[in-house]
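Some features that TrEMBL has for this protein:
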| type | residues | note |
| --- | --- | --- |
| DOMAIN | B:42-325 | domain 'Gcp-like' |
| BINDING | B:127, B:131, B:148, B:319 | divalent metal cation binding site |
| BINDING | B:148, B:149, B:150, B:151, B:152, B:180, B:195, B:199, B:291 | substrate binding site |
């Protein structure tokens with residue numbers, strides 16, 4: 001699956017945040033998470049179709065949460081980052 | 001004996017922390033401030049509870065969904081009420097465990113995202129230690145025996161040498177779980193919580209029915225008592241409405257009997273811990289700590305020993321985000337951080353696993 005983000009930074013954040021938790025059935029599900037620019041690329045290999053459905057649903061719920069969180073706070077975060085950079089460190 | 005100096009120094013400037021809690025059906029976000037004079041100030045404490053229909057408990061999948069739906073609203077509310085910006089914060093604290101897996105993970109995802117977005121350090125917090133630290137802060141209790149009683153936990157705790165040691169605990173289910181499950185059996189509402197409604201129902205009870213009394217040394221077991229109480233509802237003397245009839249009992253009588261029995265057991269094990277360490281203070285934390293009858297019974301025991309009971313109100317004894325911020329900021333100030341790759345949540349997290357670096 002390829003999920004586009006607003007920026008490379010956001011895609012990277014999503015990858016880092018989601019990859020912390022191992023898959024619930026790590027022995028039956030193989031997962032790779034990478035970024036290609038501002039796109040999050042997730043590849044799942046599962047033993048059964050049912051497991052694939054459960055895994056993908058769970059992953060998309062998590063991605064949705066991260067996207068909404070980024071949406072809610074990134075503008076505010078960028079505003080402060082811009083302000084901070086005006087001052088000498 | 002030389003007085004031990006607290007390793008926690010007064011802060012050189014005000015510190016701010018956001019705490020996020022979601023280990024059960026309560027989603028909380030709170031912001032706390034630690035001031036240079038050594039005091040703590042609650043700037044905001046926002047909570048949204050996932051309430052299920054009467055007779056139903058809350059399942060991990062739906063609870064996680066609730067937390068995902070409400071996280072952003074609750075956090076924004078907490079930041080606004082505190083009149084700060086996310087950028088002013090020193091750290092983002094979140095419940096690492098113990099608790100329910102999916103709900104914990106949902107909150108952790110939000111914590112991690114905010115941490116990376118704003119470049120703020122993450123601090124993973126033990127839920128039980130959160131309750132204890134908030135209880136200490138609010139009540140000012142010096143070195144109490146702590147009775148931590150909630151839907152998920154029942155422990156008697158005492159502090160010693162930088163650990164909160166578990167003196168006694170439930171061998172099976174938590175007392176809150178026992179009360180909540182019986183509330184469901186008799187169809188009480190879950191709004192605002194089954195525990196609150198069972199307490200109100202118990203006040204109407206008059207008849208004390210015999211139930212097994214199950215303390216095992218410093219520990220307690222509760223599932224047998226729950227089964228016995230449930231069995232009474234199938235008894236032919238059970239009536240849903242009270243009357244002048246002889247030899248009957250009502251749901252209110254069962255609630256009353258259940259509370260009296262389990263609370264007496266908790267008071268006994270707490271007293272045993274007090275005698276063991278020579279303490280005169282009891283601090284009750286956790287959702288069941290809101291129960292006024294438990295506070296009353298504990299108070300009677302404590303005053304007979306020349307001691308006193310400390311308890312907080314529902315803002316702090318029911319799961320909340322501010323307690324996570326409090327415990328988190330204390331460990332942050334001692335240099336504790338949770339790296340991103342260590343920020344996994346865990347359903348089992350013993351209270352005594354935490355190194356309480358901020359106390360002597």
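Note that Cβ sites are derived from N, Cα and C of the backbone, with glycine treated the same way.
As the structure is a computational prediction, the values presented were derived from the model and not from experiment.
According to its DSSP assignment, residue B:148 (divalent metal cation binding site) is in a strand. When secondary structure is read from DSSP and collapsed to three states, residue B:319 (divalent metal cation binding site) falls in the coil class. A C-beta separation below 8 Å, combined with a sequence spacing of at least six in one chain, links residue B:152 (substrate binding site) to B:23, B:24, B:98, B:99, B:174, B:176, B:177. Using residue B:319 (divalent metal cation binding site) as the reference Cα, a 10 A cut-off selects B:150 from the binding-site residues B:150, B:195, B:291. Confidence in the domain 'Gcp-like' (B:42-325), given as mean pLDDT, stands at 97. Cβ atoms within 8 Å of the centroid of the Cβ atoms of B:127, B:131, B:148, B:319 (the divalent metal cation site) belong to the same-chain residues B:23, B:128, B:130, B:132, B:150, B:153, B:285, B:286, B:287, B:323, site residues excluded.
Those residues noted as binding substrate (B:148, B:149, B:150, B:151, B:152, B:180, B:195, B:199, B:291) have their most widely separated CA atoms at a distance of 18 Å. For residue B:291 (substrate binding site), the same-chain residues lying six or more positions away in sequence with a CB closer than 8 A to its CB are B:195, B:199, B:259, B:263. The CA atom of residue B:150 (substrate binding site) is located 11 Å away from the CA atom of residue B:127 (divalent metal cation binding site). According to DSSP, residue B:291 (substrate binding site) is assigned to coil rather than to any helix or strand.
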